[in-house]
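Colleague: Could you have a look at this structure, given as structure tokens, before my questions?
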Amino acid sequence: MESSPYLFGGFWLLLLFGTIMVGGPWAGYHAVLLGGAAVLMFLFPPVVSLPRIWWVCGGLFILGGMAAFLPASWFTSPGWRGKLESLGLDSGKHVVIQSRHAAETLLLFGITLLTGLWLAGHRASAKQLRVLTLSFTCGVAVYAILSKIRYNGGNPDEVFGFFPNRNHTATYLAMGCVCGLGCLMQALRDKRYAGMGVALVACGVCFWAVAGWSISRGGVLLAVIGSLAWVSMLGKKYMGKHGMRLLGLLALAAVGFFFIADSAVKQRLAQTVGKGGTISLSMDKPDSVEGKESDQSGSKMDFRILTTLDTFDLIRDFKWTGVGAGQFDKVFPQYRKRTAVENHAQALHPESDWLWMAAETGIPATLALSALVVLASWRALAGVLGGRDRSLRAACLVAALLVPLHGFLDVPGHRIPLAWSSAFLFTLALHVPDSKRFAESPMRRWGFRGAAVVIAGVALLLARAEWLGGPPPSHTRAALAKKEAAELHAKDLVLLKAAHSAGQDYQPAFEDDLLERALLVLEDARKVAPMDRKILNMQGMIGLGLTEKEAFIDRCFALERALDPSWVNAPLIQAEAWSGIDPNRARDPNRTRVLWAEALERARNLDKLHPGTPWSEWRTHEKIRIFAKGKPNLEGLVPP
């Protein structure tokens, strides 16, 4: 009942590709990942039948995620949805507003989960276990070395590793550290000294990367927690004198290096301890935060805690259905109360895999997923403690659980390579059943082959979108539309300047007007992404260059402001656009005055929450006054 080594080898290569190429083009990257998984799933269906309760939990998770597609009329609609509808937003008939994007994201969730369950239906022999665990550790070490070659530590904005989020790289490195320890101990017990040497080098690179190259504090904590958990699962009797000495020397070397070396992560840990747990957002902005503007914050508060509290408010309104897979960052601005004081920051996720799932798929779906993780971990733990090769299997299990563990404070589980790495190591931790009565039935094996064909079809659609000019997925549709519209706008400016240089008027016919084409491109994208604030802003800005578009511009700008009701800069930017400082755009100082008043009202609301921020009423008024200074048509419009 052992699986083919080609299966595990192929999936290991797929994981290595996934971690190194994670920053590649979205559609092409996912096409390769899903296509590779589909081929392996078709060629190597499961050999072991999984407990039925696992499938029940997985199915309940998907069904719970689909609840967002129920009619919105079945539930109490939040007030902000009605306001958006009154401004012209088509919110649809479902609980989720951006249905296509949510459906595609939920499909990715399902494929990721199904691939993990398919992997869990395979078993590795004792020989395969040794080779694969060492290969995984070496792969992480290679990732660390390539990251160091690519990384320039002189740039504070550059992230160590190929993951956009440094904490995700730290999770991956910590998994390599724990697996490396398991390889070392197993090689010592087997008296395979060549393997011990390779494991020592790879494990050393992983620990060095965590403590010396990466600046993520989470990586250090995960490596320490994982190592201690692994040791506790072995016990003194299993390790023996030689094992205890080896681990003692390694621990001494690691601790000594950490305290002697002048590493950035050590400095950050010292700062955290010195602050007594109080973190300034301006010094340590979470990776979920996307800056709307560059500004230094004087507030001393932990943005993660504030985001969590605001997320609880969102979950309370959508506890049964969630807001829809992939919709958190579009809906969360409506619930920004405490986080609004850090007004320049946009939370892309709630800094927790589990909170993110609860917000997007609902509490029942999240409970089903957590039950699956707990049940599977409990079964694997029983096999590890009662089976052979405990050192390796315990290391694999602990390393696999680092992803859901870290998921309480970050979002590594939303990265497919990390989720699949966790599933890969979890599979290695499972013992091989002695009886053939646990074998998977032929019908279910063909069921997996059918699923593989479907996944391959999704991969082909993504490949077509990336390389053959096919319809783009909703995940990239808005970005591509904004890029095309920006290019059309730039070409229009070139033609406008050329006409003015020649002393001619520039009035192209409607069908030849590049700005009208740009608006059509953006409007088409809005059918898929109606809650994309940047599309609305671009529509309004481009509309300012056309005649008789005032009503259209007002609608776009009003929707943009309503989709982010606490952001002070939204009305300020729009007020500047209407002010007439650009001679190629429409001018309406009265609209500028109204928008300034709204910006000040938003600033007053922030003062009620936390006085003295960079977006206080006084500072906002100063920004307006400075902008209007020297402009006779605006100076008299500055609010008193």
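Each residue, glycine too, has its Cβ placed from N, Cα and C.
Automatic, uncurated: that is what TrEMBL annotation is.
According to TrEMBL, the transmembrane segment annotation covers 29-48, 53-75, 95-119, 131-149, 169-188, 193-211, 217-234, 246-265, 354-378, 390-409, 415-434, 446-465 (among others). The domain 'O-antigen ligase-related' feature in TrEMBL is assigned to 205-369.
Mind mapping these onto the model and telling me what they sit next to?
Modeller: Remote same-chain partners of the transmembrane segment (29-48), defined as residues 6 or more beyond its termini with a Cβ less than 8 Å from a stretch Cβ, comprise 1-4, 6-7, 10-11, 14, 17-18, 21-22, 108, 111, 115, 118, 120-123, 416-417, 420, 433, 438-440, 444-446, 448-449, 451-453, 455-456, 458-460, 462-463, 466.
Sequence-remote contacts of a segment are chain residues at least 6 beyond its ends whose Cβ falls under 8 Å from one of its Cβ atoms, and for the transmembrane segment (53-75) they are 81, 91-96, 99, 102-103, 106, 109-110, 113-114, 117, 120, 318, 320-325, 327, 360-362, 364-366, 368-369, 371-372, 375-376.
Within its own chain, the transmembrane segment (169-188) has Cβ neighbours under 8 Å at 19, 130, 133-134, 136-137, 139-141, 143-144, 147, 159-163, 195-196, 199-200, 202-204, 206-207, 209-210, 214, 216, 218-220, 222-223, 226-227, 230, 234, 239, 242-243, 246-247, 250, 389, 391-396, 398-400, 402-403, 406, 410, 412, 417-418, 421-422, 425, counting only residues six or more beyond its boundaries.
Outside the transmembrane segment (217-234) by six or more residues, the chain places 167, 169-171, 173-175, 177-178, 181-182, 185, 207, 210-211, 243, 247, 258, 265, 268-269, 272, 384-385, 390-391, 394-395, 397-399, 402, 405-406, 409-410 with a CB less than 8 A from a CB of the stretch.
Here the transmembrane segment (415-434) has Cβ contacts under 8 Å with residues 1-2, 8, 11-12, 14-15, 18-19, 22, 30, 33, 37, 48, 108, 112, 115-116, 119-120, 122-125, 129, 132-133, 136, 163, 165, 168, 171-172, 175, 179, 376-377, 379-380, 383-384, 386-388, 392-394, 396-397, 399-404 of the same chain, all six or more residues outside its ends.
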Colleague: Thinking of Cβ pairs under 8 Å, which stretch from 95-119, 354-378, 390-409, 446-465 has the most of them with the transmembrane segment (131-149)?
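Modeller: Comparing 95-119, 354-378, 390-409, 446-465: 390-409 has the most Cβ pairs near the transmembrane segment (131-149).
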Colleague: Which listed range (354-378, 390-409, 446-465) shows the maximal number of Cβ pairs under 8 Å with respect to the transmembrane segment (95-119)?
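Modeller: Stretch with the highest Cβ contact count: 446-465.
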